[in-house]
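Below: one structure, written as structure tokens.
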């Protein structure tokens, strides 16, 4: 790692920590801007045209979200306190976080940006870069916009399921999977901070292990077939376990937080919303199973010369512990 990359990684971390430790609108905005301005050079560090283009797109979208967030903060502190003004500023804050997270209906940029990034930057974008917006939503989301939050969660779950069905590139597929998970997390935020924290930590573990594996075995512009051609049977089996867990298939680890959300929503009789979320997850599982069947049909022609990434064995084993955790 070059000294400049180490510096930008450090300031990216500092920006997120500033957001997590601040209680002022201006400091929150400054922390997110520090995070943004440090992450953009990391995306373009290899100086490839695709990554440079991705960094510009990412900067423009995040700058729009930051501008809306700053405007909402200024309006909340300077304008007369009325019900309409509170409602407007709450909606503006929610919109800014939706843009930054790439949730529906502001999701179009995320698959395009992730498709042009390296796997390491995809990992950072899918995990660490989501910490600040999600934690802000978890701590300061007003209760007067619950209906809008629910709609965005439902739309994200469906978009995440439908969008990945036509993808032939792993990065875009995982981008749509991330959009679907953001919908579940947004619903979890409305119920319990502990459920949201469990869901987010589970998402971090599974996504990190999956993308680290893809980083080890994949080239830059790789579709399903070329990915499979570089994997051994054991590597592909590990990848499918993680993807099934990411999709929430029981009895893997990813099913546990979804099961808790399903129980909570069932107790609150939110059946229509629950059916929408489950439908999005089933669509995710559909294209994961499509990958599995694709691999089975290619077994006789694929190359098995690639080594098994041993660094992911521990993280992968966590994806199989749900049967034990359910009875603790």
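Every residue gets a Cβ built from N, Cα and C, even glycine.
Note: TrEMBL annotation is automatic and uncurated.
Taken verbatim from TrEMBL:
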- 22-282: domain 'NADH:quinone oxidoreductase/Mrp antiporter transmembrane' (DOMAIN)
- 56-77: transmembrane segment (TRANSMEM)
- 83-102: transmembrane segment (TRANSMEM)
- 148-166: transmembrane segment (TRANSMEM)
- 173-192: transmembrane segment (TRANSMEM)
- 198-219: transmembrane segment (TRANSMEM)
- 231-250: transmembrane segment (TRANSMEM)
- 270-289: transmembrane segment (TRANSMEM)
Worksheet, complete the sentence: Checking 56-77, 198-219, 231-250, 270-289 against the transmembrane segment (148-166) for Cβ pairs under 8 Å, the most are found for 270-289
Item to complete: For the transmembrane segment (198-219) and the transmembrane segment (231-250), check the count of CB pairs under 8 Å (sequence separation 6 or more) and say whether it reaches 3 or more.
Response: yes
